[in-house]
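Dropping the structure in here first, questions after.
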Amino acid sequence: MSIEVRSTKLKFKGEKTRKKRKHEGDEGGSSSRRRRAEEDNQSPDTWVRPENATEIRGPTFIFQPSDPSPVSINFDATRNRIMIHAMDKDITEETKDLSLPDRVPTEVSQVWVTTRVAGSLTINLRTGVGEGKFLSCDKHGLVSAYREARGPEEEWTPVVFEDGMVSFMNVYEKYLSVDEVAGGQLQLRGDSEEVGFRERFYVKIQSKYKKEANEEEKKKTEGLETKMDEAGTNKLYQAWGQARSIVSKEDRKELKQAKKEGRLAEALLDRRAKLKRHSSITEAYSVLGLEQGCSLDEVKSSYRQIALRVHPDKNPGNEQATAEFQRVSEAYNVLVKHLDRSVPDQQHHPHFHPHFHPGSFNSYDEDEYYESEEEYYDSEDEFEDFINMGFYSFLFEEVLRGHASRYSRDQYFQRNPPPNVHTHSHPRAHPRFYPRDEQPSQPQYTAEDIKRMCEEQEDAEARRAQESANRKAALEEERLKERKEAEKRQKEKASGKKAKAEAVRKSAEQAARAQQERVQTLRSTVFAAARCGDTDKVKKGVYENEVDAAGGEVKLGHEAFVKTMPSDPKETLLHIASKKGDVELVEWLDSHGADTEEINSNGLMAVHLALQGGHIPTIKYFLEAYPPRDSESVWEAPPSKSLLRLALDSTEPETVWLILENKLASKADMNNAWDWLSSSSAKNAFRSSARRKRKIGKTSWKKSRTS
């Protein structure tokens, strides 16, 4: 069972399937001649590689020999983005043996349409699918295809190398490349300054566009037409009849001979003139429904029938009746000119003169028939009336019959010459015939008339000059008014934008101030709760209201929203908890972002305050969480006192023992501490500490007794 493999060759809409022609020629001959013969025999839609930059035009296929799979530049119309497509995914049984340069597009999304301005070295790459977007690159090297209009960033300069590969340079003189990004994905970039492997592409175009480029280049260099394109010449220079392209069917040998002799344009013009005249007569016969060779009477009869049928008065509801009637009348006039050979040449206009021949009348005496000169001239007027009446009767009859044309008067006098009148034609103009004593009189002007006419002429010139000046002044005034209105509109627009920007700025500033006030209020509330010993409120503020556990009470930049400035702005929540000996809050703050190395205004850290206050549980927590050997910075002594001296200030023996046990006091610290103990200030400190403890003990005893 054989399975038919479906061809994946890309075909455009309306493209006809062409059969390959087999040529049996000699094996000899030059390679260039064989190559030209192969190019001539190629199908116009065959995909070929360009040899120079001017050949890159029309549908274009761009791909690169990437590793591990060659890739092509596609455009996904659904997602409206550029895709780097692996070409190995499209390999079939039909294309698996093709080499990389012989590959052709299999999808419309792989095809770009290349256009260029005539005479320009740059090209534009437009998508072949979707709404037609142009490939562009900005100054940062980002490549996209979302613009429907072309500009400088949509221009590319192709550079063709000796191996046939092509690089594309953008307006910023950077090169298009395929770059690998995170995750192993590929994307297009336009910021390469040098041409390497990633900047080289294979480009394929259709054969017909390559031939077209070669013919244009040959025409430009040689200055001659590469072929006798009669249809193109007629369409470009000599089209008629709604720009129809009509080509003569006569032998083209005359054109070839004319081309050799250098008179090709003249020969084409002669063929067109004959063809146009023949086409007009043939079309006129077809409009009247007659065959060629019919007589003038048959033409008139057919014209009367068709004219009565298509006349606008006979077809009141038909909008095309007038155009059809005009077309029929035009066809009739063409055939009348063609068939009526009695119509003379326009250069020899027919006219008549009354010549009285002696043989036409018997010998007569002028006085015998006319008793006076008045009677003679009256008779001559009657003769003119007779001639005019005959002509107008003929013209009226022709109008009623539908035969009126520009030749009616000539035809009438040729067919119905008046008695004793002959018609003839010649190029010379006849002098006007005047009766006796009726010669043309020249007008006589007096000096006053000439003066008056000169004054009128001067007044007219002055009036025209004044009117011209008034028009210029009015135009200038109108132009000035429009300029002022435009400036006013621009100022209003600018002021509106400025006011809008100011309103936005004020709104943003108010929102920022409100946010700062809210943050500072929440922070001050949490610090007040810590000083009052409300652990739950402190935890809620840090956890739910996102109050930062690190830092002092006054947040930087929020000083204006502090209602009561604290005595120590650098005091943190951890300082307050250590000072109070709240080991639970100290442990919770340490696990929620508090910094144990922060110091207050006196340069003391939280562990220093715990030592100074003699809070043994808090000190033990710091020793467990931050062993002295691993966290030397936490147990670093302040500049004013040593750790042993701080422990002595607490008057708690266990505090001193913890410092000495963990070797946090040096020999010098011990000597200094012993000297201080021997002083009177130490004795006073111990006495005040004892009194304070007794007072605290009494207070706690009273509270327990009351409870």
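Even glycines carry a Cβ here, placed using N, Cα and C.
The following feature annotations were taken from TrEMBL:
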- 8-22: compositional bias 'Basic residues' (COMPBIAS)
- 423-433: compositional bias 'Basic residues' (COMPBIAS)
- 448-508: compositional bias 'Basic and acidic residues' (COMPBIAS)
- 689-707: compositional bias 'Basic residues' (COMPBIAS)
- 283-348: domain 'J' (DOMAIN)
- 1-52: region 'Disordered' (REGION)
- 410-512: region 'Disordered' (REGION)
- 688-707: region 'Disordered' (REGION)
- 569-601: repeat 'ANK' (REPEAT)
From the DSSP assignment alone, can you count helix, strand and coil residues within the compositional bias 'Basic and acidic residues' (448-508)?
61 helix, 0 strand, 0 coil
Going by DSSP assignments with H, G and I as helix and E and B as strand, what are the residue counts for the repeat 'ANK' (569-601)?
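Its residues divide into 16 helix, 0 strand, 17 coil.
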Which whole number is the mean pLDDT over the repeat 'ANK' (569-601)?
90
Mind tallying the domain 'J' (283-348) by DSSP state, helix then strand then coil?
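Tallying H, G and I as helix, E and B as strand, the rest coil: 39 helix, 0 strand, 27 coil.
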